[in-house]
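Now, the feature entries from TrEMBL:
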type: DOMAIN; residues: 131-235; note: domain 'CAAX prenyl protease 2/Lysostaphin resistance protein A-like'
type: TRANSMEM; residues: 6-28; note: transmembrane segment
type: TRANSMEM; residues: 49-67; note: transmembrane segment
type: TRANSMEM; residues: 87-111; note: transmembrane segment
type: TRANSMEM; residues: 163-182; note: transmembrane segment
type: TRANSMEM; residues: 194-216; note: transmembrane segment
type: TRANSMEM; residues: 252-270; note: transmembrane segment
Amino acid sequence: MIPWEWIGIGNCLFSVVACVFLTISYVASLYVWRTKENRDHPSTIKRRFFSVFIMMMLAPLFTYYFLNKPMDIREMYEKMGLREEGFVQALILPLLLTVILFLGPLSMQLFSGAWRIYIEPMYWISCWQDLVWVRNHIMAPLSEEWVFRACMMPLLLQCLNPMSAVFIGPLLFGIAHFHHVFEQIKAGYEIKTALIVSSFQFTYTTMFGAYSSFLFLRSGHFIAPLMAHIFCNHMGFPNFSDVALFPPLERFVIVCNYLLGFVLWCYLLNPMTSPDLYYNKLNFVT
């Protein structure tokens, strides 16, 4: 007779293998098309849209198949963060928390006048007509959060405690972004430069993945990390060197806002993601 603990280890192993397979499949789906065009060419973007859409359809099947406990579709959807209770809070509060973290970059937009572009209707019309913008702001966050958070995290929680899943799961998310090294080499970068850039990207995408996973587990909602991801993709990684371009007084305010934003974010991280706010009774980080 096979010991029950062996069965548990086997199920856990299958869950991890499924997550690794999903990571490899997600990246591989971007390269199934043979093309000489770069990643920003419209034909490349459209083909990759189709590929990741197929991955988004297949990923929940892995989640359903490898979850240990038999459950109906509704219960599985809840574990994947698709539920009604606390939806409005999940839509607003994690996004607001992320905005607070970006007080420094936002103050730079305020002083430079860049914020005015957001009140121009033509700006938004042109954005939706730009496939690169749609990819970066819609398709990439949607597909990545769906596959790496909604579909993978329930599987990882079968093997890991929530806090471990928050930090280990995002490693797969970071690795999934390392494929950009090949595109950079193809674009003419030296191998050393491409590796440095991709290593930096791996670092901050893994850190964001941990934050995104934290939001997902604490809120129990898929929409929470999705909104944070969209906003972070829009803002990009802060360009600290641009601070020096502002007059002294504005520079002082910007630096203060960078520090204030980070301090407030740290202080509000737990209160604004309290599971009670989102009626979250699932697995979450305490």
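Cβ coordinates are placed from backbone N, Cα and C, and glycine is handled just like the others.
TrEMBL: automatically predicted annotations, no manual curation.
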Looking only at the domain 'CAAX prenyl protease 2/Lysostaphin resistance protein A-like' (131-235), report the model's average pLDDT.
86
Near the transmembrane segment (87-111), which same-chain residues lie under 8 Å Cβ to Cβ, leaving out any that are not at least 6 residues past its ends?
215, 219-221, 223-225, 227-228, 231-232, 235, 238-239, 242-243, 246, 250, 253-255, 257-262, 264-265, 268-269, 272-273, 277-278
When you scan the chain for residues with a C-beta under 8 Å from the transmembrane segment (252-270), skipping those not six or more beyond its ends, what do you find?
97, 100-104, 106-108, 111, 238, 243, 246
Report, as numbers and ranges, which residues of the same chain sit near the transmembrane segment (49-67): CB under 8 Å and 6 or more residues beyond its ends.
11, 14-15, 18, 21-22, 25-26, 29-30, 32-33, 73, 76, 79-80, 135, 139, 142-143, 146-147, 150-152, 154-155, 158
Residue counts (helix, strand, coil, in that order) that DSSP gives for the domain 'CAAX prenyl protease 2/Lysostaphin resistance protein A-like' (131-235):
89 helix, 0 strand, 16 coil
